[in-house]
Amino acid sequence: MRFDAADAHWRETPRPGASGAQKDWLTRGGSLTAHLARLGRVTVRVTREAVATPWADERGALACAPRAPVWVREVVLAVDGTPFVAAHSIAPLAASKGVWQAMRRLRTRPLAELLYSDPEVTRSALVSRRVIAGHPLFALASHALSPGHATPHAFAARRSVFERRGTPLMVTECMLPALWRHLDAHGERRARDFEGA
């Protein structure tokens, strides 16, 4: 079976109003953690690991029933201490004890270590959308913001489905305003390149 994260809201082409940096980062393949590492020191803070039910827009992508249990891992990826990305990953509960059991043992290591080191893992196309209040991802991203920063009207997010031995693991990544501010100010240069300047 081919798993696909696209639907009426999640599309392969970023929305027309997206900035150049947003279009680039929403469609950029490879490891997001590795791309962030070009900007500075990346740390992973795990905010949730639990059994849950999939969000409404996740069920179709994973071909699972509405109340089917899934294993959820949520993290915040920070660069030099500033939160840049809130990520939400899910796999069928049985798979989290089988094919994808390694995701339960990552702790503060990035999921990329698991996904990009295994030749058996394939990835669907990246899809993206604008996330506004009412979507559970909006709440997740809002909680990940640095203290004192106002919540934006919307967030840019992307997702894709990784497959191993016919079993899916979906990763959704929500870009936080600090990422766009950094790119606007410095481009892709590492933050420490500016220290002592």
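Along the chain as shown, the residues are counted starting at 1.
Heads up, the Cβ atoms here are built off N, Cα and C, so glycines get one too.
Record features (Swiss-Prot):
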BINDING   Arg73, Leu111, Glu173  substrate binding site
COMPBIAS  1-14  compositional bias 'Basic and acidic residues'
REGION    1-25  region 'Disordered'
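When the compositional bias 'Basic and acidic residues' (1-14) is classified with DSSP, helix, strand and coil residues number 0 helix, 1 strand, 13 coil.
In this structure, of the binding-site residues Arg73, Glu173, the smallest number of CB atoms within 10 A of the CB marks Arg73. For Leu111 (substrate binding site), the same-chain residues 6+ apart in sequence whose C-beta sits under 8 angstroms from its C-beta are Thr33, Arg73, Val75, Ala87, Ser89, Met103, Val171.
According to DSSP, Leu111 (substrate binding site) is assigned to coil rather than to any helix or strand. Those residues noted as binding substrate (Arg73, Leu111, Glu173) have their most widely separated CA atoms at a distance of 12 Å.
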